[in-house]
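Notes follow once the structure below has been shown.
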Amino acid sequence: MKTIECKAPAKVNYRLDVLRRRPDGYHDLRMIMQRIDLCDDIRISLSETPGVRVACGKEGVPDGPGNIAWRAADALLKLSGRCTGIDISIVKNIPVAAGLGGGSSDCASALMGVNELLELHLTDEQLMEAGSKLGADVPFFIFKKTALAEGIGDKLAAVEAAPAWLVIVNPNLAVSTAWVYQNLQLTAGKDEYIIPRFYGSVSDICAILANDLEKVTIGRFPVINQIKQKLLQVGAAGSLMSGSGSTVFGIFAEEAPARKAAEKLSRESDWFVAAVKTL
């Protein structure tokens, strides 16, 4: 049976502003989102056995309907009207519940892969619309560009950002996004700030690094602030928590100092550490 293999990249947030709470309980956001080459490995196959099956084997990642990649494949299979099966294998290289969008990226890969396997010929816009019903970050991974994301993250506009190397550090802590938002104290006045659409250098990127969720997560997990400081000490031009945490990244202009910093932090801790480049 036909099979597709693909990479599902992680993301970081160069900026995350929480503007207001919406009547539906969600929040209006404004974010700069950047894909990186830390990827899950996805394999999607057609099967003669009807239904959708997801195999992962990673603690904290469900295999059935609790996995949004499963729900993505199930939705498109029902849309096709075909009595066939879809098997999805996920090798998790992206830390789970870490602010890197791994689950959303897996979901986006499932939508794009199943669309191809079943020859549905859905456009990226149609896939993004379907993805927005499954997870706020899913459309971004179908968009495949550095983006200014607004609304709940589903309104996307392309942004130009200089290539960079990042050192990703995760202290092996899973953070509940819902808990972070529930404990967030909103501040007024964010709407007036104009987000640039062009970042010609790492210095330009560092100038807009900010995350409204940091204070909440650091309040519960002070190690996140310690990691931010360590990244600056080993040469990062700037450091920031990604998403709701607990991953922190440091930004570098060149590969060699990024790899050197990652090696040093790996030797000194039992944290997940990786030097990655932007996509």
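Using the three backbone atoms N, Cα and C, a Cβ is placed for every residue, glycine included.
The active site feature in Swiss-Prot is assigned to K11, D137. Taken from Swiss-Prot, the feature ATP binding site applies to P95, V96, A97, A98, G99, L100, G101, G102, G103, S104, S105.
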Exercise. Around the recorded ATP site, report the further residues of that chain (criterion: Cβ within 8 Å of the mean position of the Cβ atoms of P95, V96, A97, A98, G99, L100, G101, G102, G103, S104, S105; site residues excluded), sequence-ordered.
Key: A10, I94, G243
Quiz prompt | Rounded Cα separation (Å) that holds between D137 (active site) and G99 (ATP binding site) | solution = 11
Self-check item: Whole-number Å value for how far K11 (active site) lies from G103 (ATP binding site) (Cα to Cα)
Solution: 11
Self-check item: Most Cβ neighbours inside 10 Å, all chains, among the binding-site residues P95, G99, G103
Solution: G99
Quiz prompt | K11 (active site) and G101 (ATP binding site), Cα-Cα, nearest whole angstrom | solution = 6
Quiz prompt | Rounded to the nearest Å - Cα separation of S105 (ATP binding site) and K11 (active site) | solution = 9
